[in-house]
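What TrEMBL records for this protein:
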type: DOMAIN; residues: 14-292; note: domain 'Sugar phosphate transporter'
type: TRANSMEM; residues: 7-25; note: transmembrane segment
type: TRANSMEM; residues: 37-57; note: transmembrane segment
type: TRANSMEM; residues: 78-97; note: transmembrane segment
type: TRANSMEM; residues: 132-165; note: transmembrane segment
type: TRANSMEM; residues: 222-243; note: transmembrane segment
type: TRANSMEM; residues: 249-270; note: transmembrane segment
type: TRANSMEM; residues: 277-295; note: transmembrane segment
Amino acid sequence: MKFEASGPAALGLNFIAAICCIFVNRRLLKPPVSFQLPITLTLVGYAASVVGVKICGQLGMIPRRNRMQKHNRRSVRLAPLIVTSALSPALANYSLLVNSVGVYQLSKVLVTAAIVMLEFNKTGRLLSSERVACLMIVSAGVAVVTVGDVSMSIFGLVVAGMNIWVAGFYKVEWALTCKLHGYQSLELMADVMPKSTVLLFIMALAMEWNQISQYHFTERTLGLLCLCGLTAFLTSWSGYVVISSLSPLTHQILGQAKTCIILLVGHAIFHSELSSVQLSGALVAMGAMVAYTHFSLQDNPLLPRLQVSSALSRSGVFVI
């Protein structure tokens, strides 16, 4: 039996779960908890995802294949995805450590361009001029909102550049692996996440062991870490469904939409500081996202109908 969330449902779940995960992580990173171990925090999310996938497998939500016969071949084929899935969050955290916040945010914006170029290189896919224009406006708007002080160093730029390409590569590779080899997201997570978690564990020991051994764990910290793991699993699962069933670009734009909405809601409800230029940038970016969706549907007018029909026609597949 297969179980796979539909693209639109995954978009909604990812939006809610990611925002919850962000707020939980903030509670962990800030006083009085001050769990300022970003790689270990990422490791907690990955480990929780492994547990979540195992539970889904026990519930019959993941199709069983002859893994013994194809284990070696599958491991070799998935090796780039395993490595980049572990490196992407680690590089992102390290980039934030060695760069200013402005450079870090700018690198996140530039992942969009990396995805476009990588998809063209791997599939020959070209976007319409209207969609390219919308992506440029979205990126510019998000940059206006998030990119502040930009202080650069050669080493920091190298790390940021690696982060851009690794983040773009693993999203494109995830989508292609699902499409070319018939994976569903939970099944691919079951193959990739355990090995990526081992790599993250090694990185956490190498880079944060001293801080981990000296940190005083309390019941509050452990409770927040458990909540972090749950929201991270839901964010990862829904995010991978968005990447595989819709596209890596859709997932990237969703992340930028979450950034803009969080800032706008914070400004409207909590009166957080947001200049008129930043406010305009956020609104322009949101408008460009709507336009991008419109042009995407114009380029693929039957896409939603075909996705639903294809999902419903699969034997034993539940679509939520």
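The backbone N, Cα and C atoms fix where each Cβ goes, glycine too.
Keep in mind that TrEMBL annotations are predicted by a computer and have not been checked by a curator.
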Report, as numbers and ranges, which residues of the same chain sit near the transmembrane segment (222-243): CB under 8 Å and 6 or more residues beyond its ends.
4-5, 7, 10-11, 13-14, 17-18, 20-21, 24-25, 27-28, 33, 35, 41, 44-49, 51-52, 171, 174-175, 178, 185-186, 188-189, 193, 250-251, 254
If you count every Cβ pair below 8 Å, which range out of 7-25, 37-57, 78-97, 249-270, 277-295 shares the most with the transmembrane segment (132-165)?
277-295
Six or more residues beyond either end and a Cβ under 8 Å away: which residues meet both conditions relative to the transmembrane segment (78-97)?
38-39, 42, 46, 103-104, 107-108, 156, 159-160, 162-163, 166-167, 169-170, 173-174, 177, 191-193, 195-197, 199-200, 203
